[in-house]
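Participant: Not my notes, these are from TrEMBL:
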DOMAIN    C:1-65  domain '4Fe-4S'
BINDING   C:C18, C:C21, C:C26, C:C43  [4Fe-4S] cluster binding site
Amino acid sequence: ILEKPRFEIPESLAPARFEPYKVEYPGVIEEVTLGATRADGGTRESVVTIGGERSLAFYNFDAQNPHTPVIAIDIFDRRPMLAKAVREHYEDVLDDPAEWARKAVKDFGADLVTLHLISTDPLLEDTPASEAVKVVEEVLQAVKVPLIIGGSGNKEKDPEVLEKAAEVAEGERVMLASATLDMDWERIGNAAKKHGHVILSWTQMDINNQKTLNRYLLKRVGIERDSLVMDPTTAALGYGLDYAFTNMERIRISGLRGDQDLNFPISSGTTNAWGARESWMIDSPIEGDTPWGPRELRGPIWEIITGMTLALAGVDLFMMMHPGAVAVVKDWMGMLSGAVKESIKDVDAWIT
Amino acid sequence: TVLACQAFLFSDAEIFIPVESRLEKQQILADFIVSAGELSPNVRKEFYRDSFFPEVVSRKGYTLSCNPEVEEGDFTLVLRGNEVIAVEEGDTRGECFGLAIDVGTTTLVAALVDLNTGKVVNIASDYNGQIVYGEEVLSRVEFVFSRKDGLNILQRAVVDSVNALIDRLLEGYSSPERIYDVVAAGNTLMTHFFLKRDIDYLFRSSRVRVEKKGFVDEAKKMGLNVNDNALVFALPPVGRYVGGDIVGDVLAAGIADSPYLSLMVDLGTNGEIVLGSEGWAISTSVASGPAFEGYEIKHGSRAVEGAIDHVEINGHGVKYTVIGGKKPRSICGSGLIDLLAELFRNGIVDFQGNLDREHERVRKGESDYEFVVAYASETETGKDIVLTQTDIDTLIKSKAAVCAGIAVLIKKAGISPADVERFYIAGGFGYYIDFENAVTIGLFPELPNAEVKQIGNGSLAGAYLVLTSQKKRNLAETMAKLMTYFDLSTDADFMDEYNAALSLPGKPELFPTIYDRYV
Amino acid sequence: MKVKSPLEVYKFLPQTNCGECGYDTCMSFAAQIIDRSVKPTDCPPLVEKAKTDKKFEKKLNELIELTSPEVAEVVIGTGESAVKIGGEDVLHRHELTFFNPPPFFFDVWDTLDEAQIDERCKKVVEYRKFYVGDYITLEGIAVRCTSNDPEKFRSVAKKVSEYGKPMILISLNPECMRAALEEVADKKPLIYAATEDNWKDFLQLALEFNVPVTLRSKNLDTLKSMAKTFKDAGVKEIVLDPVTEPLGDGLRGTFERVVQLRRTGILGEDKDVAYPIMVTPIAAWLVEGDEVTKGYWEAVIAGTFIVKYADIMIFRNLEQYTVMPSVILRYNIYTDPRTPVQVEPGLREINSPGPEDPVFITTNFALTYYTVESDLSSNNIKGWLLVLDTEGLGVEVSVAGGQFTAAKVKDLIQQTGIEQKVNHKNLVIPGLAARLQGAIEDETGWSVFVGPMDSGRIKGWLEKNWPPESKE
Ligand code: B12
Ligand code: SF4
């Protein structure tokens, strides 16, 4: 028998100390509070504060980040086109924004509500701004969480719609979504400043334009540094999520490194995930594909993974839709931020 | 008014040529700053008193490549190394000349050089006769491909232009046969046309490899009006888009033999950019477009008489200087840069270059908004001189390509703008640029530690250096071999930089001080 | 790699610009080394000189050390299906790119009956997801020993190895592992795992069978000391498993351990921990709840660590709601941000079109093609989609850059034989290619209609403009 080759197997493990490499950033991300309680001239019963980070997302081992990201649920001022997996949760409230807001907060734990005034879109009902903002009052009465108000995306009309909405929501410190470079950002910025609201500064996945739009809002409109949130644009998993992730990561790192034009909280329109075919299509149009399985299970996980990936890039505020997705992302963030402690005892069990 | 080339004359007629298109003598930058410390030309003369020619030749071990006019007595040998290229009666040492030529696409500049002292005796410039066959290089390539004898005709055209220059240069100094050595520098295609070299291989595939050696030919064979045995040496090309003219720039700037990290930009229709130091150099070219030469700009022009070449805006007034001191009729490159910089500093254009429509000197023109630079009363043409919104967008796209090219080269070398120690600006138009304004509009990134030097017509300077120094002649070839060319047309880094440069001043990191002050 | 600029690499090269490496100058070769598209040993003169001249040998070795990836690279499996893991250089993809996407291993266990083992193995081998021009597949199978019987584990390992996929052998019991290795060691499986209790036996196994080994410990000091011990004893291919805990503070701790391991390996330059990292989303199956809850949580854990530094993963769930988002997220995060992605040019049929349905044209840039293709199919538009080869560039870019030309459109119409498939000659072009309308009409003889700027608006556009009144 061949003598088994002998290897020197040491008696004991070599001594070693793991020295974790520490990273410290000179900059800090601005803290922005949304919503105003009675004491501050509003009628909200809860406010939300985001930002304030000194380290990357969930890197509390470098420096404790003061706030866990929050989630706003989208509601619309007229019946919108929704994927089946989403519509089935809101079937009963699609025509009643106030009820819809209540359901989003009571049943699905929304930290805020995003009210999209899409009926003002000239391609849809083209409702005049003064009329469309009545819904804002209804929703402000219906729920006591902070509110985000969105226009229709129409360049000519949104400034007026958001101006009216800002007046109606005077004192409530809502967030106006949003000012962009190819829209009258000065008018929207002034509306937010005049009525004490927060402005959402939206650019198309371009870090330099984001820096410049922020600087214009801060220097030329005079927006306070605690009243600006950025939306660098969210693309769905499989449809440009990597561009969105890298853009946001570069923005957050620049902010932490001390760039005073980029150290603001970041918002993500995670609902864009529902634009991906894999989230709503019944099955794959490609024959060679392994069957895609039930779409009711594919949609929510698409929104979850899109949101989680961008959370790791530094997003502080998520605009989402599917209640299941909201719950899972909330739970996951709670764990990573140390709020949700309870864990599994025997983690080796799966091996045997 | 009609276009001359589309009108027929049927009787005597009086023709009025509008002021703007009168062909004034181009203010071609002819002076170049170069020191010829170590003078070692390729050709020298030796005088022999009362000697016997064959005896001298065998004693010295020279070879003969001409039939001597004289056998014995007093004679002067003209030597290229150990080769006797001419034997002249008497003592002709005083007349030993060389010719340095910048073979430009549009303009030729030639310098007559005394090879005994290295001094530039005379300079002349004129249009390149090839213009008739195409304004810019690609149309001349079309011409060569469309006609069997196309290459022949193009060579004829440029050689005739050079011979005309030679006559003007020699007037009162000497005669053609006293010019014993010719050095030329031009972009790759111009070099091929000048020495009648086949150009097909340059267009067969995108990853073309160019022979990085100097082109040599006999002046007589080319039809040049110089000494029959003179040789023509053309500086070696580096790639399809970077030619001998850029090697000339690099030699003139002395990048190859200085320890400093140097950046060089040659601003013409294409912007050629070189980053390098002792022993290495990387280069690229960008389609910056001719906007800075006045093309595609409503009232743009080259640096000619009557062109506004410097501008200042204060309070409400616009102050400007005009080439030739007369009334203005156009704006040239350096004037456009000053103007855009001043508009941006005074907030008359925003970071995307949009005109402030409320400003008193901004009005709705025929097609789009425009800023009035000079009112009709001040101009020679009797019409307002304006800068339109489209002009501004064109200028921004042009400067974006140059700035993006520089930024990408710096990124590929893994260094930062602050590491650059020397910044050379070459090319005729470059000589007049106000560097501070060029940085304000983002044509060049901020180079905090770089000493800025204008080298003017670097191509001519390079040809002069090679004509007067063996060391530089060898360096030209090693430099060409050393230079690595980066093709940016589908380079993703370039697009990021280009996209970011499409604003004033451009990508914030490249303009820390300008961005903070004006945006 | 330590060096960031070609200038630093250039100093080590012969600087003769001989071109043998396929690049015309040493400087462009140096730039390729920084991009990691070539290795120092691809310069023949350097390698030759190193053989004869001590000075060059030192230079070559130093260059190899300086330009090797910060995190070690480990190969699992053999032949075509082998996978490379680790070998990363940066913490953020925009700093350069991520290189080796983490392979997914799905588990079977030796107490499963044969049919179930075959069913799961077949699912892994046959998995296909069409995305951006090619089919995404699954990489490997993990065999768990739940019988604690060496002979049982041996036979199941042998059976699974016949599927030809890379394997992970999972057992903490050295005897079982030895039995399996005697059978399949030549297939270079990854053995899982050496722990503080059994490390001596596993060190012996790793050295004896020369297979990559996973070291598992929740304590990073122990993990580092095991890695140091195994390396000093001569084991070259090491994988670190800092233990994936699925829930609550466990998940937070896992996140911290994985980030700290990778960051300390690269920025801290601690070579004793700069090894590929194993994450096991399968641990999600320890969570209470039904299969969907466990499958969802498995995808959540996978997603977290695809973004943050996992180099290899073990899964349980083969259902699409776990697999599909994970394989696509992996594809996106590991896409090299520096190169445009393209799809096959040609003709695509959308929703089985008829001869009277419209003909559209777009470009073969993946982002463009998939945007247009999904806008057409999701609005149940029936039509023929011509895909023009613009070298992977978008519509607006290729029109600006000259890759989108009328002549190419004519060739594409001829090559695809579309004229035989439709009874009309009406072509709808992108709004952003409007300026080519005249040229395309002249070149192809078709009537050309300028569609909307964004393919999302094609449905509305068709309602107003299709079928087109006959164009004289
Ligand atoms: C990424 C990018 C690049 C990348 C290209 C990546 C790629 N693979 O395409 C790179 C770096 C290569 C690049 C290079 C250049 N670029 Co570029 N680039 C961009 C950028 C930033 C995004 C373009 C993009 O990806 N769009 C997304 C895709 C999906 O859009 P799309 O392909 O057009 O498809 C949409 C529509 O066309 C429509 N559609 C598509 N098909 C169809 C079909 C039908 C029937 C219908 C109805 C509709 C339709 O729907 C689609 C979805 O919306 C834009 C600026 C911007 N932010 O838009 C500049 C931009 C397009 N580039 C520009 C330029 C000038 C260039 C260069 C020429 C720069 C230079 N001077 O070298 C080079 C050209 C290189 C070449 N072509 O050889 C300019 C174009 C200006 C112009 N219109 O003339 C732009 C607009 C930047 C700018 N503002 O100047 N670029
Ligand atoms: S093979 Fe080596 S020496 Fe030759 S060019 Fe390439 S890197 Fe330089």
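Note that Cβ sites are derived from N, Cα and C of the backbone, with glycine treated the same way.
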Participant: Quiz question: given the binding-site residues C:C18, C:C26, which has the greatest number of C-beta atoms lying within 10 angstroms of its own C-beta?
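Facilitator: The residue with the densest Cβ neighbourhood is C:C26.
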Participant: Could you check the binding-site residues C:C21, C:C43 and say which one's CB has the most other CB atoms within 10 Å?
Facilitator: C:C43
Participant: Using DSSP reduced to three states, classify C:C43 ([4Fe-4S] cluster binding site) as helix, strand or coil.
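Facilitator: Where C:C43 ([4Fe-4S] cluster binding site) sits, the three-state DSSP reduction gives coil.
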Participant: Other than C:C18, C:C21, C:C26, C:C43, which residues of the chain come within 8 Å of the [4Fe-4S] cluster site, judged by Cβ distance to the Cβ centroid of those residues?
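Facilitator: Here the nearby residues are C:L13, C:P14, C:T16, C:N17, C:G19, C:E20, C:Y23, C:F29, C:P44, C:P45, C:L46.
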Participant: According to DSSP, folded down to helix, strand and coil, what is C:C26 ([4Fe-4S] cluster binding site)?
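Facilitator: In the DSSP reduction, C:C26 ([4Fe-4S] cluster binding site) maps to helix.
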Participant: Per DSSP, what is the residue tally for the domain '4Fe-4S' (C:1-65) in helix, strand and coil?
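Facilitator: Reading the DSSP string over the domain '4Fe-4S' (C:1-65) gives 38 helix, 0 strand, 27 coil.
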